[in-house]
Amino acid sequence: MSLIAGSYERFIWGFKLRSLKNDQNYELTPLFSFPSHLSPIKCTAVAGSAAVSGGADDTIKIYDLSTCSEIGSLHHSATVTSLSFFTPSSFSFPRNLIAASEDGSVSIYDADPFVHLKSVKVHRKAVNSICIHPSGRLALTVGRDECMAMVNLVRGRRSFYCRLGKEASLVNFSDGGEKFFMVMDDKISVHESEDAKTILELDSKKRVLCATSGMHGILFTGGEDRSIKAWDITSGKIAYSIEDAHSTRVKGIVVLHKNSDGDAEDHQHIVASASSDGVIRVWDVRMTNKDKPNPLAEVNTKSRLTCLAGSSIKSMKRPQVGNTTSNGQQLDAGEES
């Protein structure tokens, strides 16, 4: 499993989660760290050996995790606010990259090689979050204009737009795509993907800053309460939680879905989290029945982390750059230049 974290200090951090002694112990091995952007990093995304980061410098940086190198950059129209890869179920390498920005637009890129295909004006104000349906045919966005939109990725145009009445900070699909959820401050609403009908409304009591789907109808959330909650989106109840997972607010959560052989059952219990104090921790959620579960591994970046992304699928294919600016920079573990 590879983890990528971005920070206010412009640094990108890369780590490899390695299992030791028959998967009983884990360690986070540094891959690289360096100031990749000219301004704070807003978002990251990982798929296979390809990783990207978006910043307030209107740039998307591209990394090859197999060689621990930065291989190029994509110049965007404004601050990059959200990134999402689409990887077909039969692929270990992403097919497309979708990027959202502060000017309300969504850009679609081919990921093999990384080439800009089209940009679509979706919101009147900044896009807060974007997610791609597992089919790869459509994407959902939410923005500061208090609206939700649907983008037809086949035709490259906005196909739906509606007012929510309140600004949503996050949107994402469930693992299978049958449902999607939106985050508004401390509330999470769960909807049917077919007709957007509201199924559940969850109350986290404190502001939710990150959320991601797990398997078997589980939704993981983290935020200002410093805990990691696992919600059952069928019953609407908390299945389990890790209280005081961090000493400060949780800024990112990654769930390990599959190993390199595609066997999701072996490692679906592994969850990684990052907090604004710079600490990244890896958890075994099966240990949540303990009073105070200990993390399987942790590392302190000593920076103000803003986002976390990860991939559990190994890919032998290396990402290629097309119409990008590439510096071919080789990154050493722990490098700070």
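Glycine too: its Cβ is placed from the backbone N, Cα and C atoms.
Unlike curated entries, TrEMBL annotations are predicted automatically.
Remember, it's a predicted structure, so these values are computed and weren't measured experimentally.
Lifted from TrEMBL, the feature list:
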type	residues	note
COMPBIAS	321-330	compositional bias 'Polar residues'
REGION	311-337	region 'Disordered'
REPEAT	219-241	repeat 'WD'
REPEAT	271-286	repeat 'WD'
Please list, for the repeat 'WD' (271-286), how many residues fall into helix, strand and coil according to DSSP. 2 helix, 11 strand, 3 coil
I'm checking region-level scores; what's the whole-number mean pLDDT for the repeat 'WD' (271-286)? 93
Tally of DSSP helical, extended and coil residues in the repeat 'WD' (219-241): 0 helix, 14 strand, 9 coil
